[in-house]
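Feature annotations, courtesy of TrEMBL:
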- B:63, B:113, B:157, B:164, B:188, B:240, B:258: substrate binding site (BINDING)
C-alpha cells in the first residue's frame, strides 16, 4: 500500500476554506486558532510514517485526552470503573444533562463530558498527582518529552466551564463524584488543555493499533483485552452525537476533539491523526471527517 | 483455527438453565417456545462449517429481519433512504417514542422499531409485492427454499402490536410514512415472523463477511461499500440499548432478535448464529451474548 | 357592573385582522373557516346576558368538549377516574408522547389529548351509546336542542388523526385503554366535532359559575365539589402549554379549542364565550386571550 | 363564619403520627426537626385571627421565601423579569434539569429552584444588599422585627447544595445568570434559611388576600395587578409536581416549603399558614395538604 501516494491525493483533493465550518467558540482561547491549519500524520505498524501539511504543529487535543485517561483508569480500577460509567452510545449531545438525569447520574459512556469527568474523579482518588502521571503516560506513549499543557487554554476553560461545573455538581448530588468538585474540574481542564501535534497523537494511538504494545520499544503497555475494549468504545461513542455517521463513513475506531483533531486506528495496521480546526455542527472537524472517509475508501479497507 | 474444538468448549461451558432470563412475553405466540433450546452454527469464508445443539431448528428471527430489509432498501433507494432514517445509535429502548418526538419523526437508526418501519414503508413504495420479494431475497442468500413466515406469530404480532401501531401513526402524522399505516405494519409484522434456523442465518449473513459476495455462488449481491455500511450500523445499533455492551464484550457487528437469535459477522472470516430464547432485561439473548463473547476470546480476534 | 358597556369598549378596541394568528391547519375542514369571525357572549348568574359580533354563529368546539366529557365521566366513575388520568399540568404540548412515556401511559391531565382519549374510553365502557348521551347532556345544559356534530369535521379528523391514533395505541400497549382503539377514536372525534355558538357555550358553562345548578331550571346537575374540581383543572390545565400564561393574564378557569373558541368562568358571577379562529403558536385563540384579559381588567375582578 | 370552631374540628380530626411522611432529608440540619410539630394560624381580612398548636414556633420557610423574592423582583424589574423566567407549570420535579435543557435555560416558572435562582440573580443585580433588603421587606410585611435567618440551616444548605450549584452553573452557561454563581447561591440559600412561624407567615401573606395592602397599616405595598399575578403563579406552580393536586383538593393559591410549611390565600378573605414537617413523596407537607383541604371543605368556599 503506497500510503504517501494516497495522502498526496487527499492533500490535492481537499484544501481547507473558511466556509467548511466554525472554529470552536465556547472558550475565547480556542477561537484564536487559524481555521486554515491542516495536517495529517499516519504511522504504520511496520514503523513507516507519512504526512503532509501542519502535522508538526501542536494544537489543543481537548476530548482526545479522554482516551488517555480512560486507558489509565481502566488499568488502575479494572471492572469497578463500569459501575460508575456505562459503555453505551448516547442519543444526545456531548454535554447534555437530560440523559444524565434519566440515568440517575451514571454517564452513558466515558467519552461524553460527564463520563470523562467521572473518570477524572476516579483517577483523583487513586493517584497522588494525576496531572503529573497523565503527562508522564502520554509522553511515554509517544516516546517524546516535548508535550505540555497549554496554560492559557486551561485558564480559559476554567473561567468559562459553567456547563462542566453543572455536570460535576449534578453527579456529586447523586453520589457519583468522590472528590471535591473544583479539584475534579481542575484535573479535567488540565487533560483537555494538553497540546500535541499529529505525529505525537498518531504515535500515542499506535497502542490501539498494535495489541497494546509500545510502537517503538514493543513493551506491553496494556493487554489485548483492554485494546479491544477501548477501541470498541471509540467505535460506538468516539464522535458524540455523530458516532454512527463516523462509523458509517469511515469504519474505524476514533476520537475527535473540539480543537479540530481526530485520531483513528486501524487495528494491526496503522494510526492516523488529522487536524483541521473548522468544526461541523456536531462539534467534529468537518475536513477531518472527509479526509478519513477518503483514506479508508482509497486504501480499500476499514474494520468492516 | 480449530473452530469445532472451540465450539465444543463453549457447549461444555454453557448449558442453558431457566434462570438465565425470560422468553419474550410481549406476544403470546413467542412465549410458547422451549426456553432451553440452544444451538450455534458457524460458517467460514472457506466453506467449512461448525455447529452444535439445536442449530437446525427454526425459530422466529424477529428483528434480525431488519438487516435483510435494510439491505434491500439500501440497494433500491441508495442515499435517499438516509433522509428518512438516521444512522446514529439510540440512547433509549428499541420502542421508545420520546427520542422520535425529539427528532421530529426521523428514527435514530434502521434497527430500532421506528426505523425498520420506515424501511418497510420505503420498500412498500418501490416494490409491488414486498413480502414475496423479501422471501425470495432471503432464500437466495441462504441457497435454501425451505424458509417461510410463521402465520401464528404473524397473527399474534398483528393483534398485539399496539406500540408499533403508535410508532407508525406518529411518524405518519409527521410526514415520514408514505403508505397506508395498516399495510406498512402488515409487511413489518411479516418480516418479523420469518422463521429460520442457525444454519440458514449464518449462511445468509456471509454476505457481510464476504465483501457482498454470495457464500456459495460467489455472485456479487451488494457492493463492498454497502457491506461496510450495514456492518457499521450493526456494530453501533444492532443491540438496542445494549449496542455498546455487545461491541465492548464481543467486538463484532451483529444483530439480535427477541426470538432469542443473534447473528454476528467477522468480516473476511465467518458468520455465526446463536439461538437461546431466554432474554436479558435489554431484550437480547442472555446466553447468546455470553457465547459470542467467549467465541471471540477463544479465537483471539475481534474486529478491534 | 355594566357588562354591555365593557363589551362595547372591547369590541371597539379589538378588531380582528389577519396577521393576529393562523387558523388551525391540521385538518383541512377547519382551515375553511373565515379568520375574521369574532363574537362574544357573556351570561350572568342573574340571568342577564350581553354579546356582540358573531356570537350566534356555530363553530367547531374541539377541545372545549373535553370539559363536557370530563364532567360526565366524573359523575359516572367518581374517584376511579383518577387512577387512569392525573390532574397535574403538563410541561409539554397538548399532543406530546414524551411525557406520556415517562409517566407509563397515565396522561398528566384530562385536557391534553391523551387524557381526553382516556376519558372517552372510560365513557365507552359505561355508556351504551356515548355519542347520544353526550349530545343529550350538552343540549340539556344549554336548554337548546339545536346542537349537532359537524360530519365534515368529523370525517376530516378521522382521516387525518394520526397523532391521536398514535396516542391511543400507545396507551393501549400500556394497558390504559379498555376498548377497541378505533371505537375510542370515533367517539373522541365525535366530541371534537360538536358545533356550538358562543351563546350556547356560555350557557352550558354556567354550570361551573353556578355551583352545579342549571342556569335556567336551577336543577342540581353536579355537586359543588365537582364544580370545584373541574374549575381547578380548567385553571391549571385548560390552555395546554399556555395554562400559566392564561391564568396569569386572565385569572379565570377556562378552556380553549383549536376551532378558536374559549370559554371562561367566574365562579358565582358569569360564564363567557369568545370566538376568533386565529390561533397563536400555542394553539389558543390569540384575540380570545386578549379579550378575556381586557374583560377581567375592566371588570376589576378575577378569582385572584 | 366561625373559623375557630372549624380549626378545633381540624385539630381534633388530624393528629400527626410518624408514618404520615418523612422529614426533609437532603440537608442534615433539616432532619433534626421534631416530625410531630403541628400548628395552624389563620388571619382574616377583618383583623381577627385563629390558631392552634405550634403556631408560634419558628421553622425553616425554605421555598415559601420564593414568593417574597418574586414579589420584590416583580416590583423592581416589571415585565423584564418574564424574559428570564416563564410562568408555566412544570411537568417535572422541582429540581429537574431536563426541562431546563429543553427550554434553553429559561426556567418554567419562578417557583421551581431554577426559576427562583434566576429571581435571586436578578435581585443581586439591582440591589446593593439583597439579604438586608429581603429581611427588611419580610419584617415589614409581618409588622414584626423578630425574624432572622437560621445560620446552621444556611451552612448546611451551602455545603450540600450540589444540585442547586448544577442549576446555576447550567443557566450561567446558557447566559441566564448575570452575577457570580457563588454569590447568587449564597443569596438563594440565605432566603431559604429564613425562619418564621405560622403567625408571621399568615400575616405576611395577607398582602395577597388584601389587594396588595398591608394587613395592619393599610399601606399599599404592591398594586392589585401584581397580587393577581403572584396568586395566579401560586395557583398553577406553588406545589412543584403536585400543583394540580393542591389546586384540585384545596382550591386556593398557595406555596409550600420542604421545612413543612404551607401558606394559602383566599383573596379578599384570609391567609392561613400550616406547619407539619412530614413530607409526602412530592416534597409537600402531607398533613398540611389535608388540613387545607378540610378547611376549604368546612368553610364551603374556595376560589372555584
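Quick reminder: no glycine exception, Cβ is built from N, Cα and C everywhere.
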Message = Need the DSSP three-state call for residue B:188 (substrate binding site) to compare against my parser.
response = helix
Key: Largest separation between Cα atoms (Å) of residues that the record links to substrate, namely B:63, B:113, B:157, B:164, B:188, B:240, B:258   = 19
Key: For residue B:258 (substrate binding site), the three-state class that DSSP assigns   = coil
Inquiry  = On the three-state reduction of DSSP, what should I expect for residue B:113 (substrate binding site)?
reply    = helix
Key: Neighbourhood of residue B:258 (substrate binding site), C-beta criterion under 8 angstroms, separation at least six   = B:24, B:26, B:30, B:62, B:63, B:279, B:283
Note = Quick tally, other C-beta within 10 angstroms, B:188, B:240; top of the binding-site residues is B:188
